[in-house]
Amino acid sequence: AATAPRIPPTRLALHHFDVNYSLQLKDLWPSVRASLLCEQKYGALLNNFSPVDHVTQELELLNATDFVSEAPKKALRSQRGAAAEEAGRGESRSQEGSGEGRTAMQAETMTQAEMSPPLRPSISSNIKCYTFPRGDITRFRPARPDALGLLDYYLMDAASLLPVLALNVQPDDFVLDLCAAPGGKTLALLQTGICGHLAANDVSISRTKRLYQILHSYVPKVIRETVSVTSCDGRDWGQLQGSTFHKVLVDVPCTTDRHSVMEEENNIFHRRRTKERQMLPMLQLQLLMAGILATKPGGEVVYSTCSLSPLQNEYVIE
């Protein structure tokens, strides 16, 4: 009997996204689709445990910028622009008003914009991640070891830092990274230098080994020994250590959209993983609930994915 032709999981993924995301994103989908299919651009997360001054100079000479420190400035400029535009509309609606009144109104609007910072005070000043400008496809050189053998930066998708920044870790916070492997977010949390205690967990033993490797390559032994690394099922964490942490990061397994359209290996759209993919929202909900149960009263939980799917994002939260 003839067998059905094998359709690569990357094609299955792209077809799935075309059907679903085109309805969700409408006119935006073609540009988002093109982005998913483009070569991935990385950011360079500077390692504060290694001397970084010369690395900073090197990257800036290449026209890379620290997007973490630049983001509030860009947001403030955008905020001021919006305020000025609103003031202009108000001025056109009040042509009969005095010039002095219009100037005062515009000044008041601009002052309000300046007094409303786009980002709350956070750990961002301790985390530095350099990226090249839009359209610049320059690649970062491989990381280099310092005199102690610690690598100078970690290459990662810069967007992966956003959940860490959103977690807003404060001095002496007990922090849990519930689905930590391969370790980029755990490393970023350590760069803050202010965690009172950090627990990094991942159910996959093989992925946890990768986490250990990253910690060994970037973090001094005295700091590594303060990190609790485990390989438990994250869904059980609320029962294991309930109401323990000030901040919990729940970066759940997901369809990992870019990987799904670009890589055949370990692709969740492989036909043999259909049931696993269909069960993702339930797994994600269970992990989120465990993260909430692990959080102290008044603590904060950040839930994140690498997917555009509402089923894996908004619907899980709701």
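Backbone N, Cα and C define each Cβ position, glycine as well.
Around the Cβ of CYS306 (active site, nucleophile), the same chain contributes SER160, CYS254, THR255, THR256, ASP257, ARG258, HIS259, each under 8 angstroms and 6 or more positions distant in sequence. As annotated by TrEMBL, active site, nucleophile applies to CYS306.
GLY183 (S-adenosyl-L-methionine binding site) counts 25 other C-beta atoms within 10 Å of its own C-beta, drawing on all protein chains shown. Look at TrEMBL and you will find CYS179, ALA180, ALA181, PRO182, GLY183, GLY184, LYS185, ASP202, ASP233, ASP251 tagged as S-adenosyl-L-methionine binding site.
Residues or ranges marked as domain 'SAM-dependent MTase RsmB/NOP-type' by TrEMBL: 76-318.
Taken from TrEMBL, the feature region 'Disordered' applies to 76-104.
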*Highest CB neighbour count within 10 A among the binding-site residues CYS179, ALA181?*
ALA181
*Going along the chain, which residues six or more apart from ASP233 (S-adenosyl-L-methionine binding site) have their CB under 8 A from its CB?*
VAL203
*For LYS185 (S-adenosyl-L-methionine binding site), write down the residues of its own chain that are at least 6 apart in sequence and whose Cβ falls under 8 Å from its Cβ; none is a fine answer.*
SER160, LEU161, PRO163, VAL164, ASP177, LEU249, ASP251
*Mean of pLDDT values spanning the domain 'SAM-dependent MTase RsmB/NOP-type' (76-318)*: 87
